[in-house]
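Enquirer: Would you mind keeping the following structure in view while I ask a few things?
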Amino acid sequence: SDSNGVFKYGMEGDPDLQFLLQGGDLLKVRSSSWKKTRYYRLMEDCETMWYESKKTFKTNQKFLLDDISAVRIGRQSEGLKKYTEEHVECRCFSIMFKSCRKNLDLVASSEEEAKQWTNSLQKMISNLSNLNSQQKTEHWILSCLNKADKNRDDKLNISELKNFLHLINIEMDDDYTEMLFKKCDTSKSGYLAGEEIEHFYDLLTHREEIDVIYGEYAKTTGFMSPQNLVDFLIKEQREKATLADAHNIIQKNEPDENAKEKKLLSKDGFLMYMHHPDALVLNPDHREVYQDMSQPLNHYFISSSHNTYLMEDQLRGPSSTEAYVKALLKGCRCVELDCWDGSDDEPEIYHGYTLTSKILFKDVIKAIKEYAFKVSDYPVILSLENNCSVKQQEVMAQHMSSILGSALITSPLGDGMPINFPSPEELKGKFLIKGKRLNKLEASFAPEGEEDDDTDMTEEEDDEDEHEEEQRKKKKLKLAKELSDMVVYCRSVPFHSFEDARENQSFYEISSFKEGKAMKLAEESANSYIRHNVDKLSRVYPAGSRAGSSNYNPVPLWNAGCQIVALNFQTTCTNMDVNQGRFLVNGKSGYILKPAFMRDIDTEFDPITLTRGDWLKPKTLHVMVISAQQLPKVNQKESSIVDPLVKVAVYGVAADNAEKETSYVENNGFNPEWNETFQFDVYVPELALVRFTVEDYDSVSDNEFIGQYTLPFNSLKMGYRQVPLLNRNGDVLPSAGLFVHIMVLDAE
């Protein structure tokens, strides 16, 4: 059973796989003084990398291929740039992880070997990700079987079987296990082998609820014909389905060649289809860019990060270019750069007056340039928090100009003074600078000699700068003309009142609001805030008191039309999940078009009082939480099995906020069933999000988080749907899922 993984991935005899299984020595680099040789190899399951030190033979070091987000050749990571010499460039590579695990920086003994490692790892990773979720389920079971078979004889005795059940997170009483064991042990040998193990697996993966649904519609010699499938899709799933669609589904999902030939869908094929990305709870049409991207930039909610340079907390955490890479790869479109004078005339980025570490401004701009458009083509806003001397501001301008080149917007699009923002479509692949400007944009269009007579000072900030103490000392900040001229569509100005803004603020002038002030305005003058945001941009940032980088709830601020609601991307929490749920759709472009009633200057919409208007489209949401599959253990303690419960919550305007929860199922993370129904009234569906959370019930302390999925209300599909589950970090839990039934009706 050692080669289990090899057969599983259909990679017998593959040279890259053989190379990884054999493994070899690599130099692991942690600092200029910590560089040690480690022996790395892939384990037989073809999923786990294992390494040990030659001296101590410590072998507890492992990581999963599935946890790797990228393998980068060369001295690309911060660690390798800092701690290795340029001449080893071609021998270096680094492994980046999805989880919070630090990069692994490695040096091979030759360029050839470095290439072999990176190519082989990349090949295995892409093979892993190509497994569809049904295969994933299967390989999950098989790798557990492999672990449970202690004596490696390809047979499981009763104690190995109990071990296996424990590994797959299922607690059965001994009588039940023995009963199943006897049922499968047809050869009466006292152990299970070959087909008996498969039979045991079938009994385990049996899904009662799927059987019932399948049975209702499988009216053709015990199978589903294309017509049966169309009936199911139209009646239960509320899809506009044709016979051609049904043929296509059978072609794609039926594993049994005989059934496929007869154009029939077996129960296994049906289960596979239910797990297909097109059949999940998220409307597949919304996975791509489906909204109008030609509206002015300020008509969109924009995925935004605060103190982007931090990996952890605000006071002591490390600053890192990797933090920018991570945020951009999560779809973030507005990043923040806190700039201070550094040595050798090189400006630095860090959290001023704290113990956070420092990084070079130019390195950050390079990292942003490299990763800005990997996930989304739409524009990235660089929000400058500028504390530099005029001299180093000139250096900042030079770096941005030379590194970003023609991708940097340095003058308005089109001829003459603009009267509105360009659209995300027109700004594809471009960078915008948000920062101070010496004079109004109009001045650069004035005839010679009539220029605005602004001095080279900026006005005193009130809320704009986040280091208020210091601000009082410096009051006036000198501004370099080169940097000032780069600010076109996002000139930072202080906010005094909505009335003042109507009279004096141009469309390209943006105010920043501390969360407390913004929340107050969103509660007390929501309609004025919405109208303000119809022709201007607003940025909101977390209170300075959130030293641990916690986050506030972005929903009330979106409801007030604020576009740039900046969160600490480095922190995992419900509010960050909600943010990622809002930006899950529209191709994960980081731009979501605001509803029409928030783009009209005369709008009467108020999310608090909810007066009548075309935003009121009352719906009733019925959710039946049916079951879950393969929930991971939260506690790694040997004895613990989860007691799962499910919470369903709606986030939106005040009247729509609600949360319901199921009872908990005792000791079953493998296939718990609830069959509990909830009903929600949703008045403004266009602003609502739905969140499913699975927790491990604890009678003594807070429940423990297992997984969640958040999506916009209008992106829900109806009928029987699988809901993927994401871990705290926002990555998909490979085999886990929730099974629900959704119905959305027009409320009377």
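Cβ coordinates come from backbone N, Cα and C, glycine included.
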Enquirer: Which is it, of 51-78, 107-134, 611-638, that TrEMBL names as coiled coil?
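Expert: It is 107-134 that TrEMBL describes as coiled coil.
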Enquirer: So, by DSSP, how many helix, strand and coil residues make up the domain 'C2' (602-727)?
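Expert: DSSP classes over the domain 'C2' (602-727) add up to 9 helix, 60 strand, 57 coil.
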Enquirer: A 10 Å Cβ contact count, applied to the binding-site residues Asn307, Asn667: which residue has the minimum?
Expert: Asn667
Enquirer: Between Asp338, Asp643, Asp696, Asp698, which of the binding-site residues has the fewest other CB atoms within 10 angstroms in the structure shown?
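Expert: Asp698, out of the binding-site residues Asp338, Asp643, Asp696, Asp698, has the fewest neighbouring Cβ atoms within 10 Å.
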Enquirer: Report the nearest neighbour of Asp643 (Ca(2+) 4 binding site) in space among the recorded positions His351, Tyr697, Asp698, comparing Cα positions.
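Expert: Nearest candidate: Tyr697.
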Enquirer: Go through the binding-site residues Glu336, Tyr697, Asp698 and tell me which ones have a CA within 10 A of the CA of His306 (active site).
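Expert: Of everything listed, what lies within 10 Å of His306 (active site) (Cα to Cα) is Glu336.
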Enquirer: Which residue, out of the active-site residues His306, His351, shows the minimum number of other Cβ atoms inside 10 Å of its Cβ in this structure?
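Expert: Relative to the other active-site residues in His306, His351, His351 has the fewest Cβ atoms within 10 Å.
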Enquirer: I want to check the contact list for Tyr697 (Ca(2+) 5 binding site): same chain, sequence separation of six or more, C-beta distance under 8 angstroms. What comes out?
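Expert: The answer is Asp643, Pro644, Leu645, Tyr664, Asn703.
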Enquirer: List the Cα distance (Å, whole number) between Glu385 (Ca(2+) 3 binding site) and Asp696 (Ca(2+) 5 binding site).
Expert: 42
Enquirer: Roughly how many angstrom lie between the C-alpha atoms of Asp338 (Ca(2+) 3 binding site) and His351 (active site)?
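Expert: Asp338 (Ca(2+) 3 binding site) to His351 (active site), Cα-Cα distance: 7 Å.
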